[in-house]
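Peer 1: Before I ask anything, here is the structure I am working with.
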Amino acid sequence: MANIAAQRIKREFKEVIKSEEVAKCAIRVELLNDTFTELKGEIAGPPDTPYEGGTFVLEIKVPETYPFNPPKVRFVTKIWHPNISSVTGAICLDILKDQWAAAMTLRTVLLSLQALLSAAEPDDPQDAVVAKQYKENNEMFQITARHWTNVYAGGPNINKDCDDKIRRLADMGIEEHQARVALSSYDWELERATEQLFS
Amino acid sequence: MSGITENTKTSGEPSKENPSPNSSDTPDDEKKDDRMFECNICLDTAKDAVVSMCGHLFCWPCLHQWLETRPNRQVCPVCKASISKEKVVPLYGRGSTKQEDPREKVPPRPAGQRTEPEPGSAFPGFGFADNGFHMSFGIGAFPFGFFTSTFNFGEARPTPAARGTQQHMEEQFLSKIFLWMAILFVAWLLLA
C-alpha cells in the first residue's frame, strides 16, 4: 500500500507545482526525501488577517495508509492562533482528523489551512489561552498574532510596544521566546507576566 | 467539410477528422481525455471502474479500501454523500472485458443490476431473483406450513446461474443454516 501513497504524492506534487496558487505564491510544497513520506509545506498568511505578509512553514508527514488516512501536518513556524498550539504547532482541523476524505490532496489541505488562518474556530480550540484571548479581548489577540507573524513568519508589521516589553524581560535574564509567551498570555501586561515568570 | 474542420480548429477541440495531423496538440489532448477517467483516490486511470450514485469515479479496489478504512462513516471521498458497496455501478467499457481472477485480495466488484424490460414485476419473488433463494413465512397447517415454506429454496426458480463467486458460497451457507434451523425447530416441537 505504501506504493499507492508514493504514487499519489508524486502526482499531487506535480499538481501543486502547476497550480495557480503557486503562481500567486500562496502555497508551496517541497520534497524532503525521495520516498515521498516527508514534505515541507508553505502557506502565505491570508490578506486582511493578522497573518498577512507572513510565510508559515508546515511539516507534512505522509502515512503509509495515505490517502485512506490523512497526512500528519504541523506548523513549524510559531503562530498565535486559537486552533494551533503556540507550543507544538499541532493543528485542530476536522479534515486532518475524522472529516478526512480520500479525494483530498496536498493542495486542498494547504488551502484549508490557509482558510483556517482567515477563519478561526475559537469554540473548538487547540490552544485554550489563545482561544480565550480571541473571544474576550480580540483587539489584543490581533496585536499578538500580528506581532508573532512579524517575529516568526517575517511579517512586515513591527510592534514597538511589544518589542520593548520583551526587551525589559530579557534584561531581567529571561529568554526572549519565553518572555513573549508570558506577555502574550497576559495581554501584554508586564506586571502579571513578570509575576508568572518568577513565581 | 472544410467549414467543419475550421470550426474544430478554432474551438481547440481534438479533431480526428483533420487530415493534417497537428502534432503538437494531440498528446496534450489525449492526456486531458485520460484525466477525465482518473480514479478520485489513486489519481490514476480507473481500473475496474465503479461510479457512485453521486457520480464520482473510482477504481473498485480503491473505493473498497476506503469503505473498509471507515466502516461506520461510509461517505463519498469526493462529496461526502453517503454511499454503500451495494449502490455503486460498475462501468464496463468495450474491449475491457478481460476478466482476471476476481477473488484476489479484494472482493469482486459488485455486478451491474440488470432489470428485464417487460413490466413483469407481478410474479412473486421477483425482487429475490438476484439472491437465488426465496424465504417466506406463512400460517398453514401447523408443522407443515412452516416446513414447506422453509424448503422453498429447493424449488426450481429462475435463479441466476451459479457464479462460482463468494456470493454463491454465501447463499449455499445461508441455505444450510435455514435448513438446520427448520430441522431443529421441528425436532423441538416434536419433543416438547
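Glycine too: its Cβ is placed from the backbone N, Cα and C atoms.
According to TrEMBL, the record shows the following:
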COMPBIAS  B:1-10  compositional bias 'Polar residues'
COMPBIAS  B:11-24  compositional bias 'Low complexity'
COMPBIAS  B:97-107  compositional bias 'Basic and acidic residues'
DOMAIN    B:39-80  domain 'RING-type'
REGION    B:1-32  region 'Disordered'
REGION    B:91-121  region 'Disordered'
TRANSMEM  B:173-191  transmembrane segment
Peer 1: If I take every residue in the domain 'RING-type' (B:39-80) and average their pLDDT values, what number comes out?
Peer 2: 91
Peer 1: When DSSP states are grouped into helix, strand and coil, how many residues of the domain 'RING-type' (B:39-80) land in each?
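Peer 2: When I sort the residues of the domain 'RING-type' (B:39-80) into the three classes, I find 10 helix, 8 strand, 24 coil.
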